[in-house]
Amino acid sequence: MAVRRIVKYGEDILRQKLKPVDFKTLEPQLDAILQDMHDTCMSFQGAGLSANQIGLTHRIAMIFIPEKTPKGEAQKFKRYVVINPVIVSKKGCVTDEEGCLSLPGLWVEIERAESIVVHCLNEKGLPVEIHAKGFLAKALQHEIDHLDGKIFIDHADPKLKPEIKKELKKLSKNWS
């Protein structure tokens, strides 16, 4: 389909809390939306993408988890599509560095739940429960935050906020 422009930090749509979508209403255009999200995420080498990062107001996110690939073969990914996702359970705590396609060049240590349970619809409109830990848990939390109008830097240590703001000002000069 199409590689879309990535919405950047400071654009209003990134701060909108997206409402759940009606799957039956969405279904006729879902394949095209998912293909655009897939193509865009792969083009920018992202691990995940929310619909509002390409300017859409649908409560949809997509995540790519690297699979074990035999040596010499191209990297393969397991794709997760979550529609109307809600985190229903969180356990543990882990700190790791995060970045975002909407804030290119910025990496910040962020604290997240170590494992989560998410209720959502899959791309066929069926209800699913995802039990996630590790990178998948982190990526789901990051993308669901986007759908809730939050950005990963909202979770940063408050002492780092002035430094993050300064770095964002510098980086944003290079964003197109």
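Cβ coordinates are placed from backbone N, Cα and C, and glycine is handled just like the others.
Residues or ranges marked as Fe cation binding site by Swiss-Prot on the basis of sequence analysis: Cys100, His142, His146. A 10 Å cutoff on Cβ-Cβ distances gives His146 (Fe cation binding site) a total of 26 other Cβ atoms nearby, all chains included. In the three-state DSSP reading, His146 (Fe cation binding site) counts as helix.
Listed in sequence order, the residues of the same chain lying 6 or more apart from Glu143 (active site) and placing their CB within less than 8 Å of its CB are Gly48, Leu49, Ser50, Ala61, Met62, Ile63, Val82, Pro85. As annotated by Swiss-Prot, active site applies to Glu143, with the evidence given as sequence analysis.
In this structure, Cys100 (Fe cation binding site) belongs to neither helix nor strand by DSSP; it is coil. Neighbour list (Cys100 (Fe cation binding site), Cβ cut-off 8 Å, at least 6 residues apart, same chain): Leu106, His142, Ile151, Phe152. Within 10 Å of the Cβ of His142 (Fe cation binding site) there are 23 other Cβ atoms, across all protein chains.
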